[in-house]
Amino acid sequence: MANNLDDSQAELDSVEAELEMVELQISELLEKQTKLNSRKNKLLQNLEGACSSAQSSGSSKPPKPSFSKQDLEHYEESDFSWSKEVQAKLCSVFQLSNFRPLQRAAINLSMSGKDLFLVMPTGRGKSLCYQLPALCSKGFTLVIAPLVSLMEDQLMYLKSVDVPAVTLNASSTKEDSKRVLAGMIDKNSPFKLLYVTPEKIAKSKLLMSKLDKAYNMGLLARIAVDEVHCCSQWGHDFRPGEILFHPDCVKIVSHYKLLGILKRQFPKVPLVGLTATATSNVLKDCQKILCVQEPITLTAPFNRPNLYYEVRFKDNEDCTDQIAQLIRERYKNQSGIVYVFSQKDAAAVATDLQKKNILAQPYHANMEPSDKSLVHQRWSSKKIQVVVATVAFGMGIDKADVRFVIHHTISKSIENYYQESGRAGRDDGSADCIVFFGFADIFRISTMVVMENTGQQKLQNMVAYCQNVDRCRRAMMAIHFDEVWNDDECNQMCDVCRHGNDYITMDITKHARDVVTIVEMASSMDEKLTPLKVCDAWLGKGPAKHRKTITVTSLSRLEVESVIIYLLLHGYFSEDFSFTPYTTHFYLKLGRKAALLKNDNHSITMKMKRRVMSHATVKKVSESAGEKSSAKVEGKRPADSDNKKSVAKKVKTLP
Ligand SMILES: Nc1ncnc2c1ncn2[C@H]1C[C@H](O)[C@@H](COP(=O)(O)OP(=O)(O)OP(=O)(O)O)O1
């Protein structure tokens, strides 16, 4: 009887364990199903037309595109009553011969009096879409921009092309303000563009009353809201480089929220909201906040065909030597930016580059404004070659001939990376965007974004972008931004498409079990391990007491790091933060999928770049694949052969 009970108990335990596993698998599959369904719906929506009207917020009806492809084609034409003037001023004032994608449509829509949201990648020429209509309309255009420095750059540029433009901001003198306020109600319109901060709209009754008068006189031609995503509660996630890290971030965002007054007071004035990256949810929020009834949303293709995207692994934590070599050899006499993680890094990397005879200077938020603008000016006029900057170097940077943007440390999200790298090649000439991907950097950034709602998820997406070895980098960004993507469009302008066949697919199940056991054992002893400690322990370098119980790996450090990152990205590990008054620590703990490794049938494969793998591993993998007839190899064909044809799939077991 006792035996029977024991057997039953044992079987019950085993059934329960198996059930737990099945539940995990079901929840995984359900998660995948939700993601695929949402992607499918998005693709179907996108296929219906490149543009669609932003739907009114909270509507439960399925989105009905009220702006069709045919409508777009209509607005791309050049037979409107204003077309000749627009074309003439494009050439004579702005010295440009052609429009870039969607610029003409945006201008025609705005000239037709429509409200518009224009989502266009950084550097593609959003400003022209309100500056040119301003020149071709009676009265003046009111431009809301978040930062005074940004306005000043615009005013400098407009002055250089003889476009009369003024600003009203906290640092305007009394005289200037008086002149501007009078000009607003002057029928001869002494200026065509008036730049103000959102704060000015929120606080200056005088400005609002002059706007009211100008409106009644028919002189308020248009309202342009730059960085319109700042209106939304989620929007500031999208350009943290500029707004979130700006000391006045909270103020800026709170003033944007009050801009609804403009459409309420001046309902007949067309509004154009401009942004580089905003999801449809953010735009819906902006629409509501700005009180715009039925805006048309134009989304320009996010692809920048002239940019070459590449990820390099940091084989030690300092990659400055490699960066210096690149700058000296590949980018001789060419301008570029090196983005770093912290102000300290900006100073240190700039000094290191200077020691290697590269004209580099640091730029970060904590510098005196005059020093910042000096660095900016020197760089713009090619007196220095490189700015080593934190994300504070962003908004208002409009240098056309930036030939390289190198990330010494990964960005904290793909949105950020897209913005930062997008500062390269604004002149449409080819330019390189290279990220150095380092293991320890992931955790430095992770602790920095710990208080942000979606900080960890966004960082994981960025890490997945960097760890990816088989998918076109542009395709990854396209999926991230919900864009329909055709692989041909990359044109070998990313490292994956250019150097195909550079990875091996390996079975890492045994390694995963070993390293998960290390973390499990530590936790059973009430010990927390940082990722670096886990690496050390697994490589047999940890404290002696651990070594007895640990299966030391034969993998190289880079391989070990890659496996740990993979396990973190795929839920076998997860983050465990601990906070002190001065700092935040990152530890690894078991993720919800770790339990799956107890199941003998569970296996994990990962794709690893050949260059990351040690010679020993590649050799052993090749030998084991040769021995086992069932072994599989997955490799990508070199991009110059037909890289879209599927190839035989084989998986090698990592020794
Ligand atoms: N049709 C065009 N042809 C050639 N160059 C153009 C055209 N339109 C704009 N440009 C140039 C002018 C600027 O040097 C550069 C970037 O324009 P700009 O309006 O500042 O970009 P943007 O506002 O989209 O960028 P950001 O998001 O960084 O503010 O592109």
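Heads up, the Cβ atoms here are built off N, Cα and C, so glycines get one too.
TrEMBL entries are annotated by machine, without manual review.
Cβ atoms under 8 Å from those of the coiled coil (5-46) belong to residues 52, 63, 479, 482-484, 592-593, 595-596, 598-599, 602 of the same chain, restricted to positions at least 6 beyond its ends. Per TrEMBL, the feature coiled coil maps to 5-46.
Annotation comment: TrEMBL describes 52-69 as compositional bias 'Low complexity'.
Annotation source TrEMBL lists compositional bias 'Basic and acidic residues' at 620-645.
Taken from TrEMBL, the feature compositional bias 'Basic residues' covers 646-655.
Per TrEMBL, the feature domain 'Helicase ATP-binding' maps to 107-296.
According to TrEMBL, the feature domain 'Helicase C-terminal' maps to 322-470.
Here TrEMBL flags 49-70 (among others) as region 'Disordered'.
Summarising the annotation, TrEMBL assigns region 'Disordered' to 618-655 (among others).
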I'm checking region-level scores; what's the whole-number mean pLDDT for the domain 'Helicase C-terminal' (322-470)?
93
Of the residues in the domain 'Helicase C-terminal' (322-470), how many are helix, strand and coil by DSSP?
64 helix, 26 strand, 59 coil
